[in-house]
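Below is one structure, written out as structure tokens; comments come after it.
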Amino acid sequence: MSDAVHDLGDSLSLGTAWYLDKKSKKGADEKYSFGYKRFSLLGALINSIVLIAGSVYVISEAIERLFDPQPSDAQGMIVFAIVGVLVNGFAAWKLSGGTSLNEKAVSWHLLEDVLGWVAVLIVAIVLNFTDNQYLDPALSLLITLYILYNVILRLKETLYIFLQGVPKEIKPEKIKKDILKINNIDSLHHMHIWSLEGEHHVFTSHIKLKNITEFNELLEVKKQIKEVLKAYHFDHYTIETELDNESCELLTSEEYEHDEDHSHDHHKHSH
């Protein structure tokens with residue numbers, strides 16, 4: 001009964017992951033202006049939680065069997081193990097090239113099943129030559145701990161993106177310095193960088209300009225900013241420009257003072 005419940009949980013989580021991954025391919029609409037990409041992230045979260053719950057269950061079962069070993073049918077185990085390795089191995093191979101967190105979570109889910117069946121096969125072969133009833137639970141425990149460690153890492157990565165953390169390969173200070181090197185830029189504020197689902201990133205910022213007298217100069221500044229951003233492969237960016245006689249309505253008095261101080265420092269470095 002417990003194995004049936006475990007397999008049912010696997011099927012439901014993998015089915016949910018497939019559905020959410022398919023849904024994540026939809027483009028933007030009136031309900032989701034950035035599109036449905038974050039549904040893939042939701043799939044990764046669900047899969048990781050199910051995997052952790054399943055791993056805890058397998059660990060508890062393995063520990064219990066270490067203290068109370070059970071005899072096994074080695075011949076029957078070999079047949080089922082070969083079928084399990086082939087079926088789950090093929091599925092894991094088909095999904096091994098996935099780049100999204102959801103696809104990676106599903107891959108780990110299937111890898112857990114593959115390694116589980118490999119463990120069963122190894123144990124079944126060994127049991128044909130020796131009656132060591134501790135081998136099966138010990139091997140299950142080691143494999144599950146390895147899977148659990150990697151799944152927890154994936155879960156941390158998923159939660160980081162859910163909380164709109166800056167993608168780890170992007171350095172905001174480097175972008176800021178590169179933008180401030182552009183002529184006619186005085187300062188920048190409200191710079192925000194986040195990822196939709198780990199692959200598609202977003203950038204927004206307010207740019208304070210100086211000494212702009214013609215519209216073409218404004219266009220040139222924007223062009224140079226976009227050249228800086230191209231190196232980071234942002235899928236979406238919004239740049240709001242403010243002339244030197246404008247003040248940002250979103251800027252608090254403290255931020256404004258900090259912005260002005262930074263602007264003065266920048267002027268000193270430029271002399």
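Heads up, the Cβ atoms here are built off N, Cα and C, so glycines get one too.
Look at TrEMBL and you will find 1-162 tagged as domain 'Cation efflux protein transmembrane'.
Annotated transmembrane segment per TrEMBL: 39-59 (among others), in sequence order.
The transmembrane segment annotation in TrEMBL covers 74-93 (among others). Same-chain neighbours of the transmembrane segment (74-93): 107, 110-111, 113-114, 116-118, 120-121, 123-125, 127-128, counting only residues six or more beyond its ends whose CB sits under 8 Å from a CB of the stretch.
Annotated transmembrane segment per TrEMBL: 105-128 (among others), in sequence order. When Cβ-Cβ distances below 8 Å are used as the criterion, the transmembrane segment (105-128) is approached by residues 10, 13-14, 17-18, 21, 43-44, 47-48, 50-51, 54-55, 58, 72, 74-75, 77-78, 80-82, 84-85, 88-89, 91-92, 95-96, 98, 135-136, 139-140, 143-144, 146-147, 150-151, 154, 158 of the same chain, each at least six residues removed from its ends.
Annotated transmembrane segment per TrEMBL: 134-153 (among others), in sequence order. Beyond the transmembrane segment (134-153), the same-chain residues lying 6 or more positions past its ends with a Cβ under 8 Å from any Cβ of the stretch are 48, 51-52, 55-56, 58-59, 61-66, 69, 72, 105, 108, 111-112, 115-116, 119-120, 122-123, 126-127.
For 167-240, the entry in TrEMBL reads domain 'Cation efflux protein cytoplasmic'.
For the domain 'Cation efflux protein cytoplasmic' (167-240), residue counts in helix, strand and coil come to 25 helix, 25 strand, 24 coil, using DSSP.
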